[in-house]
Amino acid sequence: MSALDVIIMAAGKGTRMKSRIPKVLQRLAGRPLLGHVLDQARGLQARRAVVVTGHGAAEVEPFIARAADGLDVRCVRQEPQLGTGHAVQQAVPALQGDGTVIVLSGDVPLTRTDTLRALVAAGGGGQLALLTVTLPDPAGYGRIVRGSDGAVRGIVEHKDATEAQRAIDEVYSGIMAVPAGLLAGWLARLTNDNAQGEYYLTDIVAMAVADGVPVVAHRIADALQVAGVNSPLQLAELERAHQLAQARALMEQGVRLADPARFDLRDDARTGVRGELACGQDVEIDVNCIFSGRVELGEGVRIGAHCCIANARIAAGAVVHPYTHIDGEQPAGVQVGEGALVGPFARLRPGAQLGREVHIGNFVEVKNSSLAEGAKANHLAYLGDATVGERVNYGAGSITANYDGANKHRTVIEADVHVGSNCVLVAPVTIGAGGTVGGGSTITKSTPAGALSVARGKQVTKENWQRPAKLPKA
């Protein structure tokens, strides 16, 4: 492939989104639309990407700087916005001036890299190549006008099209590959003599024909690849179509999804970590589960309904029961050991590390804590900044008090400890191996191995106790 530069159109206001967030920063699968398009440029190994900004540039340009990730990206402003041709005019001075220029739309997120490579190849370096698609309802799109010989003669925008032209179902996707050496000359000849009073980039097609430059249309069948976003409804429809495509790809690998229409795989919106789900054999995922960031499910893992799992590695044979939240952060993420049972209604926060056959039950929260093989916290408990040994049984209603108002402190619970119900372990504290903490105790000092520790008020019982009577209402 010859030298390739990319222009990304990202100046539009997106009025129909009815949002103060610029359209190109609206999220699809957890990633801004423009982030998907920058990925396309990166996948093409573009020499340079020039992003044309305008509306919301103060928000869009910092995002571009964060998302560049090794790509040579330049931003140019289009002020005022006078059409697509005018936008490309602003970008030309930032190009290298040779090779091929491919024009992408910042709100068309799902074009495949191999499709774009095929478009560039169709242009052959010296031709103008258009990416087109046939739509059952082409309203709003520019129509591809062909001559009697089938050759492309031009593109007519929907608002300027005649009734006969509006009947054409082959449309221009907004993506083209242009010989860099010809682009500036064509742009200089653009006029705004049209219904919109704008400078249309599509007018260069007729100029190419007039100049004897071949125009080729690379037509694809998959309309999803060139679908743009102009409204919340379109964004939601594209999200569902994209998620269904991801679900089908997983099922083709052998993953068992209870309902592929109720599955989501997203980027981690907090950190930008790309959504990736790797599954071993015989993995089962129930309905309405959301995966974000990097998640790995080992062989035979079962995920119950309505779980949210981010940045986690779940080892073979583990079961995550319904309504569980696993909220890891890279690089380490949350670790769940082989054969572990988690949930329902459990929460594993960053730094949670569960060993083999650990049980974390309903309404148990674990943060920045490790639990060794066979440890159990089955009911209504909190473990924060704790190291829990093998075979520990941690009772219902018990918590580690890890924060003194300024600093966090660790609790160590050694192997074979039994912690009764409704206990408070005030860190820093160590419960020695084989020890027992009596129910209802507040432990503030470390205890030796094998000891029974009880720290609670003495019970007082008053027989024949009379409860206070309610006062009469005034």
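Heads up, the Cβ atoms here are built off N, Cα and C, so glycines get one too.
Note that the structure is a prediction, hence the values are computed from the model and not measured.
As recorded in Swiss-Prot, the features of this protein are as follows:
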| type | residues | note |
| --- | --- | --- |
| REGION | 1-232 | region 'Pyrophosphorylase' |
| BINDING | LYS23, GLN78, GLY83, THR84, SER105, GLY106, ASP107, GLY142, GLU157, ASN230, ARG349, LYS367, TYR382, ASN393 | UDP-N-acetyl-alpha-D-glucosamine binding site |
| BINDING | ASP107, ASN230 | Mg(2+) binding site |
| REGION | 233-253 | region 'Linker' |
| REGION | 254-474 | region 'N-acetyltransferase' |
| ACT_SITE | HIS379 | active site, proton acceptor |
| BINDING | ALA396, ASN402, TYR403, SER421, GLY439, ARG456 | acetyl-CoA binding site |
| REGION | 454-474 | region 'Disordered' |
Maximal Cα-Cα distance (Å) across residues annotated as binding acetyl-CoA, namely ALA396, ASN402, TYR403, SER421, GLY439, ARG456: 22
Rounded Cα separation (Å) that holds between TYR403 (acetyl-CoA binding site) and HIS379 (active site, proton acceptor): 22
ASN230 (Mg(2+) binding site) and LYS23 (UDP-N-acetyl-alpha-D-glucosamine binding site), Cα-Cα, nearest whole angstrom: 8
Inter-residue Cα distance where the pair is ASN402 (acetyl-CoA binding site) and GLU157 (UDP-N-acetyl-alpha-D-glucosamine binding site), in Å: 65
From ASN230, SER421, GLY439, ARG456, the binding-site residues whose CA lies within 10 Å of that of TYR382 (UDP-N-acetyl-alpha-D-glucosamine binding site): none
Count of other CB atoms lying within 10 Å of the CB belonging to GLY439 (acetyl-CoA binding site): 16
Sparsest-packed of the listed binding-site residues (SER105, ASN230) - C-beta count within 10 angstroms: ASN230
ASN230 (Mg(2+) binding site) in three-state DSSP notation: coil
For SER421 (acetyl-CoA binding site): intrachain residues, at least 6 apart, with Cβ closer than 8 Å: GLY395, ALA396, GLY397, SER398, GLY439, GLY440
